[in-house]
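Features reported for this protein in TrEMBL:
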BINDING   B:Y124, B:Q186, B:N209  NAD(+) binding site
BINDING   B:S233, B:Q255, B:H258, B:H323, B:D356, B:E410, B:H415  substrate binding site
BINDING   B:Q255, B:H258, B:D356, B:H415  Zn(2+) binding site
ACT_SITE  B:E322  active site, proton acceptor
ACT_SITE  B:H323  active site, proton acceptor
2 protein chains.
Amino acid sequence: MNKVYQPKRSDWAEVLKRPTQTVEDIESIVQDIFKDVQQNGDKAVFKYTSKFDKVTLDSMQVTEKEISNAAALVSTPLKEAISLAKSNIESFHTAQQTRKVSIITTTGVRCWQEKRAIEKVGLYIPGGTAPLFSSILMLAVPANIAGCKEIVLCTPPDQEGNINPVILYTASLCGVTKIFKVGGIQAIAAMTFGTETVPTVYKIFGPGNQFVTVAKQIATKYGVAIDMPAGPSELLVVADDSAHASFVASDLLSQAEHGKDSQVILVSTSKELIDKVEQEIEKQLPLLPRKDIAATAIDNSKLIYVENDEIALALINEYGPEHFIVCVDNEDFYIDNIVNAGSVFIGNYTPESAGDYASGTNHTLPTNGYAKQYSGVNLDSYLKSMTFQKITKEGIQNIGEAIELMAEAEGLQAHKNAVTLRLDSLNNK
Amino acid sequence: MNKVYQPKRSDWAEVLKRPTQTVEDIESIVQDIFKDVQQNGDKAVFKYTSKFDKVTLDSMQVTEKEISNAAALVSTPLKEAISLAKSNIESFHTAQQTRKVSIITTTGVRCWQEKRAIEKVGLYIPGGTAPLFSSILMLAVPANIAGCKEIVLCTPPDQEGNINPVILYTASLCGVTKIFKVGGIQAIAAMTFGTETVPTVYKIFGPGNQFVTVAKQIATKYGVAIDMPAGPSELLVVADDSAHASFVASDLLSQAEHGKDSQVILVSTSKELIDKVEQEIEKQLPLLPRKDIAATAIDNSKLIYVENDEIALALINEYGPEHFIVCVDNEDFYIDNIVNAGSVFIGNYTPESAGDYASGTNHTLPTNGYAKQYSGVNLDSYLKSMTFQKITKEGIQNIGEAIELMAEAEGLQAHKNAVTLRLDSLNNK
């Protein structure tokens, strides 16, 4: 672990530097697979599934029978846990619904804003050793609340051609309409172009490795929207002597186990706490099953001592953490003034893993400093805001001249004429 | 004009096809300029200004004096028109402010969502013969309501090194914090990387030609967000015999004068109206100063006859028009059921140019079918939604076990441990 004491403002960028990723060489691989899937549809998808997932499939779509079989394989306690998480996520995302905004801007001119669901969305859920069913909760529950009509899920099959039962159970529970055994770049390509089997979607959500991340970026070139650009997961904790060092260490480690490129930062106004957390990490780390991964991430982590809360806050806003834990006496200072963060966890009994699973907030959050300009996934991620206006005869008489003048000044005579014709018709009556 | 009668569903994609754009060859030009600006900052920017805008500048930033001089050059009636438009845009975007969403999902678990402004935004305003000051109103007014701290505007200088006074007047009126005489690709690059003079911004807004459009797309690779991907402007009108053919024609023409690649579509359940609108276009078109541009766009336009409103609606939702004018008797059918459109204009006295300038709605809207997944610019475009959670001792006892089970099932032991440590500390008391 790297301890940094009172870094100079001019060194912040270096201290806060994230593990870098190179995407240039991945791009050409992604482009090739995209072109193949665009041209050859299912055939290409089957080919890449065979190549990358080491299984030859007869059909991609998960059947009703597979789904109902899966439910029997999930333990009752886990089902209850998923049910609790789903209920909390549902409550919080339902509360995010907004009303229609309608006002009269000038007499006779009514403008309103309404949100309507994106009709077709695609969710990508990575494969690998652990089934990331929690991401299905986070992505499918708000899609359903928003009213998306088609909710497609792609996830890679194992070498027997199966999907983990918890994935199938959760997808079915959360109202996913179609599940496909397709992973990686070919999944993103299939949802972008559509194939004989996989429908085109308008927006793609979900986590993934570097290949999936680049594929989602490339997909935007073909007119598909994505939830947000992605990078390695990260956590920043601000803590003072009111924090429990063992809790802080456990939070830092829970982030560190995500991947070797995960980033973990502790900012503190207490040198004592920094030392205690360091000791706790050394104590807890060897006990973890994923200790090799966590150790690498911890090696790159920073424990930063700063003199006061103002400096801490400025440094944190400069960094823009995905996850931000606040364990300090004057927590309101940070709550009120944090500007760049994905999700904020407050107090000694709010571990980051609560938000990952069950508190109700979404765990799909902006990494890599994107908290400066992107929101995490929320109900609005599945909606588009449309505007409407209806102008009466009186209304166009009230604002018509202003439009004529402005259109004229912009050299757009036909824009002016559309108003002039209407005004003339009213004046001639 | 192309009249299409009752196109088959299988032909819709062809009938509704938009003018295509190729970006591949532009990309390398953009990449080169981006690299140059990234490496050489101001020096590179000056070089491209000299090359593309044909003027050698000593300094890029518009001075206070230039701004105050500009105000004197704008006529009082135009100032009043701008003031009216600004007031309406302000009212409508202020009405879009949302409250903090806060709920208790489980006893002891409070989750809330708050929106905070993107701190630094960049607005791009194209140059050319006409000063597009209306786009400044549309982009700077909501930025100010949102509370963005830095609002940077880039726009190309003329060959004398000046910016049109109406641009300067409007920018100053709308609270733009810094104005730079920089245009094109180099402007987008400067706001992406920052130079000695131009600050880095977190999100770039605004219209532009193909080069600017591709530059904005490339900017997203370097971590900058953009308002939305762009394409040529477009308008779809649905009208029946209750519509005034001359008004409809004037609206179609006001869209057609934007550019040769603008797309204009009329959908109607009345063949009579289609014929009348065609005649009106032939009458109005020759009188327009931009008749050459409009004529080309009109050549590519479609007048589509369909049998009933249901088919019309399905076709319109398939197209997803940027601007959608509804001039029919049963307007509620379209208002209630339109899903994919940027902005909707209702009734005979609501020309599209009203929304372009002064009704209060935003004119920065999704083109190219992007209305299927993107919102037009609105107040939220300048805000990020952040989530917060605070869990009490009781709260973690209520949801802790569910988190432990789910983390375990996902193979993330450290995530589980962060909860277990806390639960243990409470049970041992």
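Using the three backbone atoms N, Cα and C, a Cβ is placed for every residue, glycine included.
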Alpha-carbon spacing, B:Q255 (substrate binding site) to B:Y124 (NAD(+) binding site), which is rounded to whole Å:
21
Residues with Cβ closer than 8 Å to the Cβ of B:N209 (NAD(+) binding site), same chain and 6+ apart in sequence?
B:P126, B:G184
Check each of the recorded positions B:Q186, B:E322, B:H323 and report back the ones whose Cβ is under 8 Å from some Cβ of chain A.
none
Length of the line joining the Cα atoms of B:H323 (substrate binding site) and B:Q186 (NAD(+) binding site), in Å:
30
Near the NAD(+) site, what residues other than B:Y124, B:Q186, B:N209 in the same chain have a C-beta no further than 8 Å from the centroid of the listed C-beta atoms?
B:P126, B:C154, B:P156, B:G183, B:G184, B:I185, B:A187, B:I188, B:G208, B:F211, B:V212, B:A215
For B:Y124 (NAD(+) binding site): DSSP state (helix, strand, coil):
strand
State the Cα to Cα distance, in Å, between B:Y124 (NAD(+) binding site) and B:H415 (substrate binding site), rounded to an integer.
44
What's the most sparsely packed of the recorded positions B:E322, B:D356, B:E410, counting other C-beta atoms within 10 A?
B:E410
Could you say which of the binding-site residues B:H258, B:H323 has its Cβ with the most other Cβ atoms inside 10 Å?
B:H323
Rounded to a whole number, how many Å is the Cα of B:Q186 (NAD(+) binding site) away from the Cα of B:S233 (substrate binding site)?
24
Fill in the CA-CA distance, B:E410 (substrate binding site) to B:E322 (active site, proton acceptor), as an integer in Å.
43
Rounded inter-Cα distance in Å - B:D356 (substrate binding site), B:E322 (active site, proton acceptor):
12
How big is the Cα-to-Cα gap, in Å, between B:H415 (substrate binding site) and B:E322 (active site, proton acceptor)?
46
Could you work out which of the binding-site residues (B:S233, B:Q255) has its C-beta surrounded by the smallest number of other C-beta atoms within 10 A?
B:S233
Judged by the number of other CB atoms within 10 angstroms, which among B:Y124, B:H415 is the least packed of the binding-site residues?
B:Y124
When DSSP states are folded down to helix, strand and coil, where does B:Q186 (NAD(+) binding site) land?
helix
Consider each pair of residues in B:Y124, B:Q186, B:N209, all listed by the record as binding NAD(+), and report the largest Cα separation in Å as a whole number.
13
